[in-house]
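Novice: Supplied in structure tokens, the structure appears directly below.
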Amino acid sequence: MGDESNTLRVLVATDCHLGYMEKDEIRRFDSFEAFEEICSLAEQNKVDFVLLGGDLFHENKPSRSTLVKTIEILRRYCLNDQPVKFQVVSDQTINFPNRFGQVNYEDPNFNVGLPVFTIHGNHDDPAGVDNLSAIDILSACNLVNYFGKMDLGGSGVGEIAVYPVLVKKGTTFVALYGLGNIRDERLNRMFQTPHAVQWMRPETQDGMSVSDWFNILVLHQNRIKTNPKSAINEHFLPRFLDFIVWGHEHECLIDPQEVPGMGFHITQPGSSVATSLIDGEAKPKHVLLLEIKGNQYRPTKIPLRSVRPFHYAEVVLKDEVDVDPNDQASVLEHLDKIVRNLIKKSSQPTASRPETKLPLIRIKVDYSGFSTINPQRFGQKYVGKVANPQDILIFSKSAKKRQTTGVGNIDDSEKLRPEELNQQTIEALVAENNLKMEILPVDDLDIALHDFVSKDDKMAFYACLQRNLEETRTKLNSEADKFKIEEEDIIVKVGECMQERVKERSLRSKEDSRFTSSSQNLDTGGRSVTAQSNLNSFSDDEDTREMLLGARTTNAGRKASGFTRPSKDATDVAKTGTSRRGRGRGTASMKQTTLNFSQSRSSAAIRSEEVQSSSDEENETNEANEVVESSEPEESPQQTGRKRAAPRGGRGRGRGATAKRGRKADISSIQSMLMSKDDDDDDEDDRPKKPPPRVTRNYGAVRRR
């Protein structure tokens, strides 16, 4: 564009997914090589700063190796003596809400020659008690400028205010808006709720008008979806924007496209490393060099040379003439031929790839009318020839059955997110057990399980337990001050506490449904198949948080404690009093379970910090059994000869006669968790010493045979 002093040069990239496949011997360095090339291109083109659109890391808690490699790359390319030729003229304490509150190159203790601005994505989003992400680590090291981190407040679905980072270079003024990833369903409702999303415009000063600013928005959300409630429509965005960088979608659509009737252009750089082997990922990878002067911009796409070659093909066996349905050897020979041709094609060096790498090969096979073959066995012959010998083939049925649902072009469902089925099965398994719990809601356990597995939060279950115990203790103590609670009423009161929490969730779910109704009315026929929403979008392959938690509700109005997670949705619950999912299932779907007696005794022992010998523990167990035996006379003598139901069969049927006979034992187990140490000692003295013959009972029913 000429006149370099007034031209702002920005290198745009998204979805680097650093650390992806870090345990794979062949592909472990792919993400780092691509990211280093991006930084190298920024240095070669002498850009003013690098703009990243989220998902810098693949894992929410990246490994030490990943963090070290990332810091090494940023330190190598960002810390130098090159002068920074632009200024940030906005309130930096608002733009960068960390302890230091300023852009990194203005720190006198660091020589930052290449500033990096980034938002968070759905993979590296803030989580935990302090609402921190892995990007906060890089920000604390003064290596990146982390912006677009929203504090969801207000009532209902929440409220956010998007403040721009105001950048000035000569006569060019750029307002850089950042919006880190927010759950799509929630952000969708927020855009349709008046005044829920406030866009702050630059103030008029020094003879400048608002129209003098070139407005850029970078966000990380679903874009192409059939179900409009699980994505963000471009028409939700304000018309004053000039240019939008769309992250999260992995298909490279680097050329800016104008949105009809909106007046702005959208670029979708896509990912720099293939994380899901689908057709969209097979397109060449690029980054965008954006040059801005005044209110004009010039885009230049730059191909990435370090990306591992990836070739994708689709085969319909019934359409192949030389394949016999009754001869598996002919099927193998035909597929071998296709794989060999793709390997040969990828082995030829090109201008964009001077060095050849082992390629990624994926063949989608429509095996309608044929029998499948073992993909692992098929790939053994290609070890050392391709980078993914274990999953070259993926089998699918004919799409005719899918087309009968009224939705065409349904492909790649099993490949976009191959782990969805397993996670849904785990969630369903917890619900199917129908275990009657007295204190812990199943929804809380689902969330704790997700955080433990996906977020590597080792304290997830402990925090869940402590939070619910604290709520139950608080409720019992408040009622004990007003009314005298007898020993026999404790278990009833515990159940009432549980039901009250369930009822609160239900009420907030109904309240939240009011915000959903507007979005349902706007749905104009694109929601015939919900599964289609995962197919038309080439977004990252592990967007599991929305799936697992999409239909769940959380404890609304929980008392804040040291283990409460104020991350995105959890913060919303504490501040807005609404459910974090907005589609709570109410009390009808709440499943609870009975506390395991032995676990309850162990929890009581840990809480009271008593050190007991093994003989004392054995005596306590015997006394517990004796309480059960002493409760037998509550039944009429005519029932002594009646056959008892097996422990398995009694599960999930309410209390009945069995619960009545074991009532005092349940009281003792729960009282040991909720009451003080002194009360436990008094109960031990009051228990009978010589009970009738012992009867074996099952108190937990947590094992399914």
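The backbone N, Cα and C atoms fix where each Cβ goes, and this holds for glycine too.
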Novice: Of the residues Asn109, Asn111, Asn122, only one is listed by Swiss-Prot in the Mn(2+) 2 site with Asp55, His220, His248. Which is it?
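Specialist: Answer, per Swiss-Prot (Mn(2+) 2 site with Asp55, His220, His248), from Asn109, Asn111, Asn122: Asn122.
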Novice: Among His235, His250, His265, which residue does Swiss-Prot name as a further Mn(2+) 1 binder in the site formed by Asp15, His17, Asp55?
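Specialist: For Mn(2+) 1, Swiss-Prot names Asp15, His17, Asp55; of His235, His250, His265, the listed one is His250.
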Novice: Pop the Cα-Cα gap between Asp55 (Mn(2+) 2 binding site) and His123 (active site, proton donor) into the table, whole Å please.
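Specialist: With the alpha carbons as reference points, the distance is 6 Å.
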Novice: Would you identify the secondary structure of His220 (Mn(2+) 2 binding site) according to DSSP, in three states?
Specialist: strand
Novice: Give the number of CB atoms, excluding that of His123 (active site, proton donor) itself, located within 10 Å of its CB.
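Specialist: There are 30 of them.
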